[in-house]
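Trainee: Take this structure first; my questions come after.
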């Protein structure tokens, strides 16, 4: 078995791909080889990694030979096209796209919430949507103590959620507006600089957009609570990186603020950030580049006897995408230990 | 009685004051004289109005002599200091500050909601908080048809809510960040450009900030529903002007989306703006400079059988402040008609 893994990143030149490379460079993941894959358009670029210069290769038939682990972040259709081939070639794929998330055969994993699910894979493990990951990390520790009955969440999602080009567009637009010029959008459907708009994912039946239904359906799957009542309003805001969320929770029983703070102050992946005197709470500029989800403004909901309000900011590209995927890989690598790598085999493993 | 009014604007050089002047210039309010008042610091500035150049005067003892109507927008302490004197001198004051809003002697008026309250004044009429006005206009038509039981609202508030200097600061900061420089805040407590943070009003007991408690208490007063369950999370976002709100409503009984759309499509002060195909809904850039509150994304709440979700954007300076005040003045002027101006006398008038 490989004590150290031959890793391929599919979508290596995107915002999440770039973050994956950065995380693999600095974290302690046992990596023996890194292969950078992207569309033919991006092939040939060189990217520094651990003192070497790696050349981005075009994804192509046979490219997953001699790869143990694929970290995919190139969109749903690319994942659908290439990951079955990667699994066929013997690799395990951790997929950042939405392609496989709701597939009952595919585990959907937030390591702080349902790490055990990661081992029950058949070659593909799905990484949840960014807003879902951030919320799950923040509220699951409370849900473990007292069951959540209903969630009403409003999001404040940065440009990074639409990729590196949307981040560039936000900056270009902001400069145009400051110059008194028009801000013409091309990546996003409407100008984002000094503006905001409901999330631009396609609208599904009932008027919820896909992003909102991801929060609903993925949270239910990760929590293993198929009936959990959740409603979401997802909004794109002119922030470069890091999402924020205003979350209203209704529990089965009253849940005190003090108890919630006690739980969240030691919860994995959470930093409780509250300074009531200086009105200092989580904000994107502080979450940017951090591994943890910043949680604060925990309030007893004055509109409901069993309600609790909380606020969070978390790095959408890092914990909301790349870091969560790498943490899943780390789970698998730790589990495989010195034995014959069961968690990186492509057959389902029961713990 | 004055068929046309001698009006004074207190706080004439601020963001709302500027908008008040603009509205009086273009609307059909019967005005015979306009006096511009501000702090001594701003006195001496000249401001064009209907072809004339008006000089801003320092607010001072005796300045409300020969004034019928004061539109005040210079902060709570200024209102507390000067409005009693204006009333003493025989004027009616419409106050944009929070100073008198919760005073049981003072009506708190949104003309689309509780116009009758405006006439029951003792010299001072309060203009509600901007976020409250926008929400009240959007949801009261629904509340009239079917009682609302609970409101969970998250706001997306622009820099304009903190005044003209905060708007300038946002632009300066954005330019600094685009130049790769630091964005040092001085008006707002934290950088707002490409960032956001929970509303910076002082935190009251229970962790709600003043802005949030305004939404709770003022909505209850305007709706005359002292027990209405409301919780709010107020957030400052890097938008220049126009606030947005994600509002989750629970009714006593199920409320269909179709019925809500029907009601809101003809509701006063509301524009229903929904294009599901192109994902086009209210946004600040469209609300900017508009009189109406833009409402859209009305959805049946999938988390609650009696729930409804809606989304709005409204011009915080216009309908959220200046326009609402002018509309109150217009109510009073229409009511006084040709009779002896009862609604502009300083004694309470029962209709």
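Glycine too: its Cβ is placed from the backbone N, Cα and C atoms.
Heads up, here are the entries from TrEMBL:
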- B:6-121: domain 'Semialdehyde dehydrogenase NAD-binding' (DOMAIN)
- B:13, B:14, B:15, B:16, B:41, B:42, B:160, B:161, B:316: NADP(+) binding site (BINDING)
- B:101: phosphate binding site (BINDING)
- B:130: active site, acyl-thioester intermediate (ACT_SITE)
- B:157, B:236: substrate binding site (BINDING)
- B:243: active site, proton acceptor (ACT_SITE)
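Help me understand the surroundings of these features in the structure.
Mentor: Residue B:316 (NADP(+) binding site) falls outside any helix or strand according to DSSP and counts as coil.
Sequence-distant neighbours of residue B:101 (phosphate binding site) (same chain, 6+ apart, CB under 8 A from its CB) are B:108, B:126, B:128, B:129, B:214, B:218, B:221.
Long-range Cβ proximity for residue B:130 (active site, acyl-thioester intermediate), meaning a same-chain Cβ under 8 A and a gap of 6 or more residues, is found for B:157, B:161, B:243, B:316, B:317, B:320, B:321. Taken residue by residue with DSSP, residue B:130 (active site, acyl-thioester intermediate) is part of a helix.
In the three-state DSSP scheme, residue B:157 (substrate binding site) falls into the strand class.
Every protein chain shown contributes to the tally, and the Cβ of residue B:243 (active site, proton acceptor) ends up with 30 other Cβ atoms within 10 Å.
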Trainee: DSSP on residue B:101 (phosphate binding site), three-state: which is it?
Mentor: coil
Trainee: Please report the three-state DSSP label of residue B:41 (NADP(+) binding site).
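Mentor: Note: residue B:41 (NADP(+) binding site) is helical by DSSP.
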Trainee: If I take the alpha carbons of residue B:41 (NADP(+) binding site) and residue B:236 (substrate binding site), what is the distance between them in whole Å?
Mentor: 28
Trainee: Rank aside, I only need the closest one: which of the binding-site residues B:13, B:15, B:160 has its C-alpha nearest to that of residue B:236 (substrate binding site)?
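Mentor: Out of the listed candidates, the nearest Cα belongs to B:160.
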Trainee: Might you list, by sequence position, any residue in that chain lying six or more from residue B:13 (NADP(+) binding site) with a Cβ less than 8 Å away from its Cβ?
Mentor: B:36, B:38, B:42, B:45, B:47, B:56
Trainee: Including all protein chains displayed, how many Cβ atoms other than that of residue B:15 (NADP(+) binding site) lie within 10 Å of its Cβ?
Mentor: 23
